[in-house]
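As structure tokens, the structure follows; a few thoughts come after it.
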Amino acid sequence: GKEKTFDPSFKGPIKKRGCTDILCCLLFFVFILGYIVIGLFAWLNGDPVILLHPTDNQGRICGLNYGDLDLRNKNNLFYFDLTRCASAATLINLQCQTTQICVSTCPNTSWTYFPDVAKLEAARLSHTSHDCDFQDIQTIILSGKCAPYYLPYAPVVGRCIPAIAGKVGICINVMTLCHPAIYTFGTINTTITYQSLLDGTAPVKLYLEARAIAENIFADLTVSWYWLLGMLAITAVVAFLWIVIMRWVAGIMVWVTLLGIIGVLSFGVWYCYDEWNRLKTVAGSNTTIIAVGFTTNLSTYLALQDTWLAFLIILAIVDAIMILLVIFLRKRIQIAIKVIEQSSKAIGWMISTLFYPLVTFLLVLIAVSFWAATALFLASTGSPIYQVIDSRNLTSLPNTTSLHGQTCDINLWSNSTHQYYLNDDVSCVFVKYGGTSIFHNNVIWLQVVAVFGMLWIVNWILALGQCTLAGAFASYYWAWKKPQDIPLLPLYSSFGRSLRYHTGSLAFGSLIIAIVQIIRLMLEYADNKLKTAENKVAKFILKCMKCCFWCLEKFLKFLNRNAYIMIAVYGKHFCWSAKEAFKLLMRNIIRAAVIDKVTDFILFVGKLIVTVGMGALAWAFFTNKFVSLLQAPTLNYYWMPIIIVSVAAYFVAAGFFNTFGMAVDTIFLCFLEDLERNDGSEEKPYYMSKSLRDVLGKKNKKA
């Protein structure tokens, strides 16, 4: 494209501008309205509580009144046979393959059923199965209406879980679990052992252990939260100081690093040559690598001349490339350093820009929370749906058909309204909530729309932040006298312009990113489904598509970021801004590449120093290394506050340095525009700093 020409009316971000991409703006608002309607409909018809509370085989929530069956005093869920919860079918169907009923209290005694002693036990103990009131134990056990055994149970989040502890020597009245106990349930012989019960309760055991750890962590946070907040404040101060001192140390850091890399590579070249030369006098070292073949003993390769010769050639080539790059790109590296220094000064004059990421974070949190709530309500809409679960091995049952996965009527399947019937390994169980209306039949698509809406809105919020910051930093660059000519409240003014005039353009750019992201999510879903498939070609094509769309998303984000800068400066629509930004960068492709890599390096070092430094400070404090100055609180896990501080420090530093990166990108584009528009004459003076003009060998002529 053609270079920019001088425009005497251009003095920085355009003040008089009109609305851009109005159709996209209208589409965005219509979509948000529809998104809200979906959310309201889901909230009116759904109840996420049912996803959290225990639910019996008929989809009824324990603790509620259903008219014909009052479960208000039955808040716990009792499993007839927990050993069947450890099966693969449970993981596939998300349903334990055993009868589940609501009970008022969990059993606190032990009992087991054996056909040959059932009546003897009934007579001796006058026992009735829990929550059942029948006289013939054998009949009701064989019909599957009552549990064939139970142990002392304890309620855990509304579920009755065996309180198994200690050694493998737990007895159940007449028989013990020290030896396998076999009972007949319908036509299936089931072996109950200590290990089978452990397998069945393993997920709950894991939950209990995690809950104990979580309780200890929560206790630690209650006594250390103010120290954590203090360290996060220190993190913010350190990140701010790092950005400020970039105006003095950026050049030193970059040149020391580049010369250090060249020095290390040069030393490697010398060392490889020395080893190769030494091995000339060693017998057997002239054997080729091909003759040695493959071996896991690396010392075998290090004893060969060919190995060190290969290292020598590779390092020499890389070293030569680095030296040539530094020699021929030294001027562009200097430009990148000066742009970074100017960005540091811009943030120093507009400190409020460092705290704008908090606004972005809050808006993103609201958008994600709305989506999460809508998704939960959508998942809990409708009436209980039951499906046949058939876990039999049909290959061993010829001429047998399976109804697995088909819907079933629990009332027809059951012998009565209040009891449940289990026929061998085939059962009619509750699987989800739904219905037959248009709304319920399309819940999965509504979930997809909700995810897409969340992605679109989140990307729009990020775009709003980038456009706002770009407008503020552009105001700094195009101020003739800094800081006197910087507009009053530049961040607030830029935010108002972006929101008032360019909501449509930001929606256009974020829509493109959201479409690519939803396609990537679908590809991830397809990839997960194909993990067990044998079609290698399909897997390969899918991997290639995932890679291509990942690259496409990265490129579009780069293009959008620069388009938002042009929108903030010129107030034009999205397509014009993206085209002009891309052409401007292509005309200065080498400069753009250099400043991109130099900035990435500066930001990486900054994040690394802040994160590692705050992690080290947290470790020193919570392990009482500063006991003479400060006394750390007593904790159950001293490592948890250290992890929290390190992770939080990274995100705080990322927020600060992302703002810094936006400043660098904006000032760099403005610098390129300045070079093309102006020539340093009295009529067309450069707006760039004197240090940048010195690097380029340019001057402004004085009047």
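Every residue gets a Cβ built from N, Cα and C, even glycine.
Just so you know, TrEMBL annotations are computer predictions that nobody has curated.
Per TrEMBL, transmembrane segment is recorded for 21-44 (among others). Beyond its flanks by at least six residues, the transmembrane segment (21-44) meets 370, 373-374, 377-378, 381, 439, 446, 449-450, 453, 456-457, 460, 502-505, 507-508, 511, 573-574 of its own chain at Cβ-Cβ distances under 8 Å.
Taken from TrEMBL, the feature transmembrane segment covers 225-245 (among others).
Long-range Cβ contacts of the transmembrane segment (252-271) within its own chain (Cβ-Cβ under 8 Å, at least 6 residues beyond either end) map to 311-312, 315-316, 318-319, 322-323, 326, 333, 336-337, 598, 601-602, 605. Annotation comment: TrEMBL describes 252-271 (among others) as transmembrane segment.
Marked as transmembrane segment by TrEMBL: 308-329 (among others).
The annotation transmembrane segment is assigned in TrEMBL to 349-373 (among others).
Per TrEMBL, transmembrane segment is recorded for 438-456 (among others).
Tertiary proximity for the transmembrane segment (461-479) is limited to same-chain residues at least six positions away from its ends with a CB under 8 Å from its CB atoms, namely 11-13, 342-343, 346, 349-350, 353, 356-357, 359-360, 363-364, 367, 485-487, 490-491, 493-495, 497-499, 502, 506, 509-510, 560-561, 564-565, 567-569, 659, 662-663, 665-667, 670-671, 674, 687. What TrEMBL records for 461-479 (among others) is transmembrane segment.
Sequence annotations record features per position, and here TrEMBL assigns transmembrane segment to 499-523 (among others).
Feature annotation from TrEMBL assigns transmembrane segment to 601-622 (among others).
For 637-657 (among others), the entry in TrEMBL reads transmembrane segment.
Long-range contacts of the transmembrane segment (499-523) within the same chain: residues 17-28, 448, 451-452, 455-457, 459-460, 462-464, 467, 542, 545-546, 549-550, 552-553, 556-557, 560, 563-564, 567-568, 571, 573-575, 577-578, each at least 6 residues beyond the stretch ends and with a Cβ under 8 Å from a Cβ of the stretch. Non-local neighbours of the transmembrane segment (308-329) in the same chain are 258, 261-262, 265-266, 268-269, 272-273, 275-276, 279, 302, 590, 594; each lies 6+ residues outside the stretch with a CB under 8 Å from one of its CB atoms. Long-range neighbours of the transmembrane segment (601-622) within the same chain, counting only residues 6 or more positions beyond its ends whose Cβ lies under 8 Å from a Cβ of the stretch, are 224, 227, 231, 234-235, 238-239, 242-243, 246, 250, 253-254, 257, 340, 630, 632, 635, 638, 641-642, 645-646, 649-650, 652-654, 657, 660-661.
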